[in-house]
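The block underneath contains the structure these notes are about, expressed in structure tokens.
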Amino acid sequence: MAAPGRLLLRPRPGGLLLLLPGLLLPLADAFNLDVESPAEYAGPEGSYFGFAVDFFEPSTSSRMFLLVGAPKANTTQPGIVEGGQVLKCECSSSRRCQPIEFDSTGNRDYAKDDPLEFKSHQWFGASVRSKQDKILACAPLYHWRTEMKQEREPVGTCFLQDGTKTVEYAPCRSKNIDADGQGFCQGGFSIDFTKADRVLLGGPGSFYWQGQLISDQVAEIISKYDPNVYSIKYNNQLATRTAQAIFDDSYLGYSVAVGDFNGDGIEDFVSGVPRAARTLGMVYIYDGKNMSSLHNFTGEQMAAYFGFSVAATDINGDDYADVFIGAPLFMDRGSDGKLQEVGQVSVSLQRAVGDFQTTKLNGFEVFARFGSAIAPLGDLDQDGFNDIAIAAPYGGEDKKGLVYIFNGRSTGLNSVPSQILEGQWAAQSMPPSFGYSMKGATDVDRNGYPDLVVGAFGVDRAVLYRARPVVTVNAGLEVYPSILNQDNKICPLPGTALKVSCFNVRFCLKADGKGTLPRKLHFQVELLLDKLKQKGAIRRALFLHNRSPVHSKTMTVFRGGQMQCEELVAYLRDESEFRDKLTPITIFMEYRLDQRTAADATGLQPILNQFTPANVSRQAHILLDCGEDNVCKPKLEVSVNSDQKKIYIGDDNPLTLTVKAQNQGEGAYEAELIVSIPPQADFIGVVRNNEALARLSCAFKTENQTRQVVCDLGNPMKAGTQLLAGLRFSVHQQSEMDTSVKFDLKIQSSNSFDNVSPVVSYKVDLAVLAAVEIRGVSSPDHIFLPIPNWEYKENPETEEDVGPIVQHIYELRNNGPSSFSKAILNLQWPYKYNNNTLLYILHYDIDGPMNCTADTEINPLRIKTPEKNDTAAAGQGERNHLITKRDLTLREGDVHTLGCGIAKCLQITCQVGRLDRGKSAILYVKSLLWTETFMNKENQNHSYSLKSSASFNIIEFPYKNLPIEDLFNSTLVTTNITWGIQPAPMPVPVWVIILAVLAGLLLLAVLVFVMYRMGFFKRVRPPQEEQEREQLQPHENGEGNSET
């Protein structure tokens, strides 16, 4: 597996393969790095300008430069394609970049057309480092061959420039070639300088890619250089050697750093070995004196590329170098439990020589390659602790790249970035890779703060971020007196004759900072009274001069000078204007640098130290009647009762709770009675028609999805207060599973201590009450025999062949308030007597949630029913059988009752479904009086009472958890059959009609006369002319009456 974002050559069957699988990565930002006007540098298109970056400060010049590697740039070397360059860029407004000439020659030959080296595509500039006048730049893909062999081998080469002298440095170009030696060394893949003027070079391809570290003295490299000698031996060289075969493919030298880890004052060598330990990855620390092993770190996840990047710096100020190790392919589980690539940096703090404590810092985005580059920044904000930058070159919007700035502190690295730098370029043929290379810890503009350069080789850019000077402010705020007496009104309120209770607010600023800060610093200061009150709430204190809770001021202080102070007077509003007397009044002071503050000598605007608060606050308290400590401790109690102990389900149930609230302790401020309302109830209001009950002010509100009634009990609710109040509720939304309704009551105040009473619950039981009735009617209720013109037919076919229509109607009605879910209705119908049919059922109909069945076939003779409504039919039948011929007076004893005890009855059984309050189920039974039976001689001249009966039984209620009593009843419906003459209506005498007409006319005449005397029929029109108006005047005054 090749590195994520680095070049590395490995042999494969059939030839060599160049692997560049991760030239794509992301960017970050620190709080005092200037992101408003960074210096942007552009290189030749497609040259990978920005692949490596560093600062350069030659002793022969007062100017600072940037060094930027462009490993795919074309050069003037004859016959060379993409030989690569290192450019020197001016840190001035011109931002001009010029290539540094290290090598102007083409390939050298053993003989004509027999080259010994191959400089095309050598990636010169893939690594660049400087130290004072010295610059080391390398081409890790430089190839050469020996005279005896034709294979090209990527040994790598470097050039070292010291002032005007430039020498080639190729420690892997030796006779020990091929894969088992240094033939695939790729020397210069990673490089660094030590303080003792040694060069450290990594060659991850040596010894079957075990890798190798090589260190030589700069002086010896320069002194021994001979352009005619291709393989130079150095006497003071330190180098790792080949190891056992199990260390093959480890990539020692993939990344390097230096630092003193054994306390001898000589910098030691740190190297990442990302494929060691079966791809877990390792980091080795070697002694800088003899290349012996000092310490090893091992990764915890396979293929995470632990050791891809390394850095060494003292992050916590204990004078021990700490180690930072990047693993950009590290995977962690997301919130969904799935593994995702986030990258990781291990921070190993050295607490004593060789004693490390490691913590992990995971990346913030998926596939961002967090940890691809790590750059020590020096003390970026001048707080006494070094800081560090970590790149995620493929993070951010559209993978433009991110660089995170983390600040050091005494406990180690702050895990939250103080600033995030974002790449500004969209991907073109490849991602911008902003942050793939970084270098810091150098003060380019000499303002006392180190700066940072970031490379984005995917868009051929490098960006210089300069650090802004940091201002540290010491702010003071005093409030006196801190206990405010509302009754001590001694300050005149401007513009009025009123006096108010007042207090003083004194605020001060002092500022200082390191570096080239301007002498005068301007601040925008804002003071806010009663800060903790929410927006829109009444602020209890105002400034006297502007009657506002806000005061804004521009203050000027001298850097490093004395504390600058000012004083204002504020006052309390009248106590009738606010309720909260208990909460402290917070006086809040906030400050920020004024934009008019001059820039420093380098043109950068100062910035406030973000690690010190930019505000300060103090508190004042309103004097309370709570003893010497001014702390009120109430003793709140609540009790509740009601005269209603039971509520019927379905009823509108008005419920009155009588609540007793009392305070047996010190004053309770903003005291409120809070009643939590159950979902079955609604608040109606406060009982106001009872003199014994307090008329509280109550409001309904919802808090955290709990419905509440909140009643004001006083501010304060003084010691010894007892209140009795009535609250009315309606309870009407009970569910079928409820057995009771519960109200929770408590008293709450804004006091700091004992501010809530014990919660009291009041429970009212639910009960079932269903007033169900059954009633019936016969239509008609009386039939007179004989039927005129009726003739017997042996096989009747129509209703007229049988007899008149008789309809019995039964209604089962639930008058509530509770519902029932199932009932049985039984109808007993007098069908036959002595084998003679009485009432022949044609059919029955239902209205409502009911299904019925009969135990005998209905209408077995298939009597035809005309298509007209039953009511009309019944009425018509009634007209058809009126008898007017004779009148027969019947004795009471001559009536024969034919009910189910005597007659044979047909039974209709109905299952009734749910009936809520006010709902009914109706059964219509349409029948015919079997006239033949009553026209028999033995049945004539008798009266009959035909009775049907209906009964019901409630068998189920919808209320599962409540006890239910059995509910049943019955009723009878009677149709009377009379043999005789229907009583004719008595005619009205003619004299009665005449007398009524005359009385009406007389009454009308009296009304007309009375209205005439009152002037009802007079109509005075408005005058059209002035004369008419004058003529009308006498009449209006009553001086004449023409009509009279």
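Quick reminder: no glycine exception, Cβ is built from N, Cα and C everywhere.
Note that the coordinates shown come from a computational prediction; the quantities given were computed from them, not determined experimentally.
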Which residue in the list C900, C910 does Swiss-Prot annotate as forming a disulfide bond with C905?
C900
In Swiss-Prot, the member of N704, N755 to which N-linked glycosylation site is assigned:
N704
Motif 'GFFKR motif' range according to Swiss-Prot, out of 685-689, 835-839, 1015-1019:
1015-1019
Position of peak Cβ density within 10 Å, selected from the binding-site residues D443, D445, D451:
D451
Please work out which recorded stretch in 32-98, 173-225, 292-357 has the most C-beta pairs separated by under 8 angstroms from the repeat 'FG-GAP 7' (419-482)?
32-98
Intrachain C-beta neighbours of Y449 (Ca(2+) 4 binding site), sequence separation six or more, cut-off 8 angstroms:
N32, L380, D381, Q382, D443, R466, A467, R468, P469, V470, K514, G515
Which residues, same chain and not among D443, D445, N447, Y449, D451, have a CB within 8 angstroms of the centroid of the CB atoms at the recorded Ca(2+) 4 site?
V444, R446, G448, P450, R466, A467, G515, T602
Taking the motif 'GFFKR motif' (1015-1019) alone, what is its mean pLDDT?
70
Counting each residue once, how many in the repeat 'FG-GAP 7' (419-482) are helix, strand and coil under DSSP?
3 helix, 36 strand, 25 coil
Just how many other Cβ atoms lie inside 10 Å of the Cβ on N447 (Ca(2+) 4 binding site)?
21
Could you give me the DSSP helix, strand and coil counts for the repeat 'FG-GAP 4' (237-291)?
7 helix, 19 strand, 29 coil
Residue counts in helix (H, G, I), strand (E, B) and coil for the repeat 'FG-GAP 6' (358-415), per DSSP?
3 helix, 27 strand, 28 coil
